[in-house]
Amino acid sequence: MWSNCIFLTLFTFYLFLGQSCCQTDTLLQGQYLKDGQELVSAFNIFKLKFFNFENSSNWYLGIWYNNFYLSGAVWIANRNNPVLGRSGSLTVDSLGRLRILRGASSLLELSSTETTGNTTLKLLDSGNLQLQEMDSDGSMKRTLWQSFDYPTDTLLPGMKLGFNVKTGKRWELTSWLGDTLPASGSFVFGMDDNITNRLTILWLGNVYWASGLWFKGGFSLEKLNTNGFIFSFVSTESEHYFMYSGDENYGGPLFPRIRIDQQGSLQKINLDGVKKHVHCSPSVFGEELEYGCYQQNFRNCVPARYKEVTGSWDCSPFGFGYTYTRKTYDLSYCSRFGYTFRETVSPSAENGFVFNEIGRRLSSYDCYVKCLQNCSCVAYASTNGDGTGCEIWNTDPTNENSASHHPRTIYIRIKGSKLAATWLVVVASLFLIIPVTWLIIYLVLRKFKIKGTNFVSESLKMISSQSCSLTNKRLSTLRVGSTIDQEMLLLELGIERRRRGKRSARNNNNELQIFSFESVAFATDYFSDANKLGEGGFGPVYKGRLIDGEEVAIKRLSLASGQGLVEFKNEAMLIAKLQHTNLVKLLGCCVEKDEKMLIYEYMPNKSLDYFLFDPLRKIVLDWKLRFRIMEGIIQGLLYLHKYSRLKVIHRDIKAGNILLDEDMNPKISDFGMARIFGAQESKANTKRVAGTFGYMSPEYFREGLFSAKSDVFSFGVLMLEIICGRKNNSFHHDSEGPLNLIVHVWNLFKENRVREVIDPSLGDSAVENPQVLRCVQVALLCVQQNADDRPSMLDVVSMIYGDGNNALSLPKEPAFYDGPPRSSPEMEVEPPEMENVSANRVTITVMEAR
């Protein structure tokens, strides 16, 4: 911070001290800027001039910082069309065109727009060179052309990285071919064509590095050094682009600048001229720099991995880390370890294989990688005097006595030190030790039914600190960060990290898939409000579309939620082990950092309450469909209670937890409160009661007792709601009427007036339908006060399919007939959730840890 302040003070002092009465920032129409002349911006920050490199006759027109310690051109007008000798000049001709001349001949036309107005060229203090059409009063009328629209290898604050949808114009950086050769090189830094909210570096047209997705004002790649940058993302109908401004703590609005070098690395160049890395390139064995980056002369090392599909690059010397999917081009296995290159100057005894890249010149770095990709390659060299072109040999080409070739720099491949092989042994050992250690700890935890201790956590963290990387199991486009807490949670869930196989394979696999936060964010358009389906005690629910086109519903645990890890694990473990056509399918989960999400199959018709309690939408539910929905719920509950490998009590059956697929088939959802019973266990007790008002059985509400008969009670309430088209608690505003729907139906049943409770939208035919009347009686049997009097779900099946010859027993007094429920003084009763019409395709219940 103090160093930046000192440099900023000196820089400002230099600007004002160096001002001259003779300098100008403007080139008028008809004037010429020649070698030895400069345009200097108003506050002496930037200058435009012709320049050349030492021992080169090629001259370039470029913009530089106008001070003694910030070297290097930030923009070059004619990078691919140098002027031979000192004959170059820049002018705005009589037609308003901006042209670079070689002598009297036109070399390069920067702006071809013709205008009859007064036109001037001005260098701004932002570093932008603008061709402006002026009004008669001297004010600017419009910008005809600007250098910011044609970046070279450097990005300044205010410049764009992206593209114009309508014109196809792209704003991107392109590396130099060499240190003294500014022609367009092999690396391009810009916006991804397919995923517009991320930046990529392309090498020879292939993805070399990616920034991660833009989300909540930042990039998802953690080890991206954005200190000093304030990035913004703009997306309109015509343009998509990134832009950044400078942070005041890092040099103010003009700094830092970003440059892509010849090896594909992004450099941050601060006010003091010091270069630091913005990102970590594909890992190499080398010296550790800021943010864990490794770099040294590339010819003296071999990348541990050079990939771009499921390619794993990061900031460690082992090559495991950030993952994304693109076409792959691995290095040959022989090149991964134990080789270096020795530089020698010698004639070549014979000609090698010369790469002829049409329309492109290969840099020395490109040639180096071409050699690495070929196990037969033992040497490489540039074919041109400027360091471009590529020639490789499969035998040693050096021959000091050869007279047929001139001496040139050749890089000979030799076996290097045993460092890489040593690291391979170390890494392999760690990969063996870490899983074994985790397995032992997991078995101990399971044996003693311990969910985790500080000792275990600290031990695992210590083990992790001794290793440089954890095994990076990738799921094609899905990935989870491998922190200790996440791994322990996944172990508890019984989930192993693995590749996401083909779709058919996944459908046959009952285990959960693991999704990365990045993939879920991308699927939901970064949790946009447009994809939000609803919100409840668990948190918001979003609709998403996976990369393979599958639609999903995503429950995202809110940090402010009263629910927590217990409910998350409960639902994830239960649904993963339960498979039935009338149970909602859980596809996977996301456990990354503080994020916990559940990913379900998407239910396009939302939930039952969405239709049932709306006066217009309920018309869709005729009696045939309502009965089919009840059948499906019965089959789902029967499976949970009797036929699944686990005996499960749901404890929160209600209309909002019945989801409807595209064919209106019901699926039971929300297993956060569910409990598993042993084979010989019939009931259980809890001291913390939570649920939905109107659906809880009296023994559960008053005493905390629950069993399969608790679900039967809830189902009975739901049956009455389906038949009557009203909520159970819809009577509570009527002080003189019945307490709830149960009491209302019971009173009319005793008076033989049960037809009056049937939903009028079902029509007259339903009123006389004996099946409807039978279902009313079955529902009353399910909501009886005494749990022992209620039928089992297996009994319910036989009851609803019976006919007049199979008489039903008369129901006894229903629950809560004697007044509102009162809890026991020993019970801790949480405020019940009031039932609302749900807009969710996945529902949420307020729950408390048990």
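Note that Cβ sites are derived from N, Cα and C of the backbone, with glycine treated the same way.
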- Message: Among Asn194, Asn605, can you tell me which residue Swiss-Prot lists with the annotation N-linked glycosylation site?
- Response: Asn194
- Cysteine from Cys315, Cys334, Cys367, Cys371 that Swiss-Prot links to Cys390 by a disulfide bond: Cys367
- What residue among Cys375, Cys377 is stated in Swiss-Prot to be the disulfide partner of Cys371? Cys377
- Expected hit for region 'CaM-binding' in Swiss-Prot across 616-633, 742-759, 778-795 is 616-633
- Nearest to Asn374 (N-linked glycosylation site) in three-dimensional space, by Cα, is which of the recorded positions Asn55, Asn118, Asn194, Glu535? Asn194
- Taking just the CA atoms, what is the gap between Asn118 (N-linked glycosylation site) and Glu535 (ATP binding site) in Å? 61
- Task: Take the domain 'Bulb-type lectin' (24-144) and count its residues per DSSP category (helix H/G/I, strand E/B, coil), listing them in that order.
- Result: 0 helix, 63 strand, 58 coil
- Query: What else in the chain is close to the region 'CaM-binding' (616-633), if you only count residues 6 or more beyond its ends and a Cβ gap under 8 Å?
  - Reply: 581-582, 608, 610, 653, 658, 660, 664-668, 715, 718-719, 722-723, 725, 759, 761-762, 765-766, 769, 771-772, 775, 800
- Item | Lowest local Cβ density among Asn55, Asn118, Asn374, which the record lists as glycosylation sites, within 10 Å | Asn55
- Task: To the nearest whole angstrom, state the Cα distance for the pair Asn55 (N-linked glycosylation site) and Asn194 (N-linked glycosylation site).
- Result: 43
- Count the Cβ atoms, other than its own, that fall within 10 Å of the Cβ of Gly539 (ATP binding site), considering every protein chain shown. 19
- Query: If one measures from the C-alpha of Glu535 (ATP binding site) to the C-alpha of Asn194 (N-linked glycosylation site), what distance in angstrom results, rounded to a whole number?
  - Reply: 31
- Sparsest Cβ surroundings (other CB atoms within 10 Å) among the binding-site residues Leu533, Val541: Leu533
